[in-house]
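Peer 1: Have a look at this one.
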Amino acid sequence: MAKGFDSSKVNVHVADGFKFMEEHIQYYDVIITDSSDPIGPAVSLFQRSYFELMKRALRSGGIVCSQADTFWGHLKNVTSMYNHCKKVFGKAAYATSYVSTYPAGQIGFVLGSLDKNTDFSNPLHMMNNQQRKDLKLRYYTSDIHKMAFVLPGFVKDALDDTAENDL
């Protein structure tokens, strides 16, 4: 699951994410935040001000991906984060994945892009099964990527309602 950590392109920072973003301007192409839940010290990582800091830390065309809670029982958190991301980046999406160790077995992510033409739901590089095996990817496939953006009706409605209320 964590094959990307072996890449020389990856730098993992375990730190106060809010403070870390304050210290970096137009520095990153991609920012991935895997935070704890939105309680206690991590609350700031789920607020609009954090998305603004990430935007400032990105280079032109950059993207962000942030843990965004489960829609089972926490739909309000999901829509709030999606709303923050959409307001700051203009281009935003919510994706979902199965994680058996997470409550309800599902976790979501909000994604934002500085490029208004970004299509999060379609992989940039389609890989065949042999390429996937060569990369030793056990879970990820191009189909899994696309399916992450297929949401239950009640989630889609909540995100659509959030976006419409911002107009």
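Even glycines carry a Cβ here, placed using N, Cα and C.
Sequence annotations record features per position, and here TrEMBL assigns domain 'PABS' to 1-114. Taken from TrEMBL, the feature active site, proton acceptor covers D34.
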Peer 1: What average pLDDT is reported by the model for the domain 'PABS' (1-114)?
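Peer 2: In the predicted model, the domain 'PABS' (1-114) has a mean pLDDT of 86.
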Peer 1: Can you tell me how the residues of the domain 'PABS' (1-114) break down into helix, strand and coil by DSSP?
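Peer 2: Per DSSP, the residues of the domain 'PABS' (1-114) fall into 49 helix, 32 strand, 33 coil.
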